Amino acid sequence: MPRLILASTSPWRRALLEKLTIPFECAAPDVDETPMPGEAPRQLVLRLAQAKAQSLAARFPNHLIIGSDQICVLDGEITGKPLTEEKARQQLAKASGNIVTFYTGLALYNSASGQLQTEVEPFDVHFRHLSEAEIDDYVRKEHPLHCAGSFKSEGLGIALFERLEGRDPNTLIGLPLIALCQMLRREGFNPLQQ
């Protein structure tokens, strides 16, 4: 049975995969994440998830390699990580009262057989109307500077929302576990029987 590799250094993805209680290792993929000109959000996350998984095939030739990538879209524009408090406040002000869609690309690559499975999971976050004071307090308390969309749903960010819509709440954090379990079973790797 091939071993599992998570092609990520994200502590959030690692924590999500640990929920399945199956053994795995993490490895950093070497992938240029620059969008191609005119590339749609779904195509971008699908391409990057696939590239991350396949980039580790030479190092891990008999493994199931999991690649994932996520972007945040508001009003048709990709919203990246804010990196500064001012940018985080701007992103949250723009999201206030609106719907932000997260697209998470998932790829499972069997480096022994060359079999590749991919999927894109959308997840909608409906923001409630936020006051400037609420936005300031949230940014000060959570420091969401390295989070797409400027929030952490697994923390205080939940207080920003009116409702969430999607098949798998893990998708919002960065790794759609329901889809991943389906892919693993198709490879003969049932997480319940490991």
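Placed from the backbone N, Cα and C atoms, the Cβ positions cover glycine too.
Note that the structure is a prediction, hence the values are computed from the model and not measured.
In Swiss-Prot this protein carries:
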- ASP69: active site, proton acceptor (ACT_SITE)
- TRP12: site 'Important for substrate specificity' (SITE)
- GLN70: site 'Important for substrate specificity' (SITE)
- GLU154: site 'Important for substrate specificity' (SITE)
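For the recorded positions shown (ASP69, GLU154), fewest C-beta neighbours within 10 angstroms: GLU154. One residue stands out among the recorded sites TRP12, GLN70 for having the most other Cβ atoms within 10 Å of its Cβ: GLN70. With TRP12 (site 'Important for substrate specificity') as the anchor, the candidate recorded positions are ASP69, GLN70, GLU154, and the one with the nearest CA is GLU154. In this structure, the C-alpha atom of GLN70 (site 'Important for substrate specificity') lies 16 angstrom from that of GLU154 (site 'Important for substrate specificity'). If you measure from the Cα atom of GLU154 (site 'Important for substrate specificity') to that of the residue listed as 'active site, proton acceptor', you get 18 Å.
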